[in-house]
Amino acid sequence: MGITVDSQEVRVGGDGASSWCGGGFKSLVRRKQVDSAHAKKGTQLAKELSVPYLIAIGVGSTIGAGVYILVGTVAREHTGPALTLSFLVAGIAAALSAFCYAELSSRCPSAGSAYHYSFICAGEGLAWLVGWALLLEYTLSGAAVARGISPNLGFLFGGENNLPAFLARQYIPGLDVMVDPFAAVLVFLVTGLLSVGIKESSRAQAIVTTANVCALLFVIIAGAYLGFKSGWVGYEVPTGYFPFGVDGMLAGSATVFFSYIGFDSVASTAEEVKNPQRDLPLGIGAALSICCALYMLVSFVIVGLVPYHAMDPDTPISTAFASHGMHWASYVITVGAVTALCSTLMGSLLPQPRILMAMARDGLLPSFFSDVNQRTQVPVKSTVATGIAAAALAFFMDVSELAGMVSVGTLVAFTMVAISVLILRYVPPDEVPLPPSLEESIDNFSLQNGGSSHKSDGKDPKAIIVGSSNDSTKPLLDQVDISVEIPLIAKHLHIGNYVMNENRRRKIAGWTIMLTCIGTFLLTYSTSSLGLPSLLRYSLCGVGGALLLSGLIVLTCIDQDDARHNFGHTGGFICPFVPLLPIACILINVYLLVNLGAATWTRVSVWLIIGVFVYVFYGRTHSSLRDAVYVPVAHADEIYRTSTNYVS
Ligand SMILES: NC(=[NH2+])NCCC[C@H](N)C(=O)O
């Protein structure tokens, strides 16, 4: 799109996404500036976190009950001894998303993670959906995890029925529900801890995470000892390493991918990190590598101890140890599972308030949620709101059936993060809403000069005139800290032929990214929907594959935005192999999304439809971008020239 001179409204620069959208859809594609989310004074979070804390948050949020349970069912049904490879493949798939998160968190380090990146890159509509889906994910996963703790504790007491009354679930006959007061209390305890301060809560996270990592190390070391002693019977099975073929191993990776969910919590703490550009990529990368190594070693040992077909589907690890006479190991493993659940609970309740806060700062939710407590420098109100919602769910509902809905949030976020990397590289956001201080100066200037203020004259606020001649522009600029504000505007000005070329490049890139995403969906949908008539399936598959491949080729040939070079030199993280890596990441995540099943999608649709209503009736009209001010091109040009004179 680039510069449009047809009306008073001018976008300086522009993107490939909004040019084709009519006025009604403009709110959906308006994008915020990278630095527009910088908190105002008094609403800042405490900058306390360094790499070790980030690793603790990442590992703690990622390692949950998943690994303790999945190894049994996945080895029995899909992979056999090749389970270790499934964890490797799933780890590589997760690493693709981690690379994308690392670049975005490093380049756009504000709270809100995937929601925030989507707002900067893809626009308000998709950002809202991502944020809305993440809210569902974190609340449900917090509730599900809390609810999983008492059955695990039951092992320590010799069965759930022997649990002391305060730990056990209670049946309420009148309501025909099984309530779990302990789960609710636990959620409140974690909420309290998270409200005290980010440093205190991440310290607690570090302690709990250390305990659960020690339990996994115990499984690895003691298991390897038993394996060497007993001759690794699990690997001696006559069916070989791949009893279900390589296909089975790949199907297993899709299931164990769940155990890698959670490292993205690190990105949500971006605003609380001392040196976000360097520390966030390090934290994300180290956390994921640690989890991948632990998962592979645990699975390697466990499938070696027991033949895969004899594995227990519910308590595979304890049973494997018991089969070698080490019954007491189940206590260590249960403690490991309980601490893992506690740390994932914290890992779910930590990001959600930050996403609520980011959405409220952008005006899409009431400002109640963006309130930061002055003393603790934590978004206490949204933390408490999150805690109440998760505790209520955990108290009343057995949310385990809703597990698929948890994955939707994560996978939608992972997909959008990969798309955001492509957009940031090829169609970086440079429709510049004016920086707030310049806006204020314009207002003051208009008032002082009796000129028409864009806010008060009832005209389209976007149609603001930034001075109509050099004479009127100069005093305006006098009131602005030019060294800060002008480069922001001037850097987006492309004059002469260059504009046309750049313009065309952006347009092609924007369309290509969109068509590549459509191709990914068609390809994964057609390969997964066996019920479709085969002609339709093959056609969809062909069209999808062709779109995807040509998208990849076109993007490989198009120049990327130069900013990444400058950014790379400042010590920030740059995702390698763009566009191949993000496209592979989109493909994997869309494949997993498409395969979540109709029942999950029906439930999620209800939530998303509610989200659309909230957006239409609240977010769209309250968005902080609703009055975004765009620089008219002629005057932007003037500002540019004037500022050059002024500076020189
Ligand atoms: N944010 C979340 N969805 N967290 C859930 C994490 C689940 C965790 N990876 C597990 O294996 O149990």
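Even glycines carry a Cβ here, placed using N, Cα and C.
Quick look at what TrEMBL lists:
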| type | residues | note |
| --- | --- | --- |
| DOMAIN | 573-623 | domain 'Cationic amino acid transporter C-terminal' |
| TRANSMEM | 51-71 | transmembrane segment |
| TRANSMEM | 83-102 | transmembrane segment |
| TRANSMEM | 114-135 | transmembrane segment |
| TRANSMEM | 171-194 | transmembrane segment |
| TRANSMEM | 206-228 | transmembrane segment |
| TRANSMEM | 284-308 | transmembrane segment |
| TRANSMEM | 328-350 | transmembrane segment |
| TRANSMEM | 378-396 | transmembrane segment |
| TRANSMEM | 508-525 | transmembrane segment |
| TRANSMEM | 537-558 | transmembrane segment |
| TRANSMEM | 570-594 | transmembrane segment |
| TRANSMEM | 600-618 | transmembrane segment |
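Outside the transmembrane segment (378-396) by six or more residues, the chain places 45-46, 138-140, 142-144, 146-147, 177, 179-181, 183-184, 186-188, 190-191, 194-198, 348-349, 352-354, 356-357, 360, 368-372 with a CB less than 8 A from a CB of the stretch. On the 0 to 100 pLDDT scale, the model's mean across the domain 'Cationic amino acid transporter C-terminal' (573-623) is 92. Against the transmembrane segment (284-308), stretch 83-102 has more CB pairs under 8 A than any other of 83-102, 114-135, 537-558, 570-594, 600-618.
Packing against the transmembrane segment (537-558) from elsewhere in the chain are residues 422, 426, 505, 508-509, 512-513, 515-516, 518-527, 529, 579-580, 583, 587: each is 6 or more residues past its ends and has a CB under 8 Å from a CB in it.
When Cβ-Cβ distances below 8 Å are used as the criterion, the transmembrane segment (600-618) is approached by residues 125, 128-129, 132-133, 136, 364-366, 402, 404-405, 407-408 of the same chain, each at least six residues removed from its ends.
Across the domain 'Cationic amino acid transporter C-terminal' (573-623), the DSSP tally of helix, strand and coil residues reads 40 helix, 0 strand, 11 coil.
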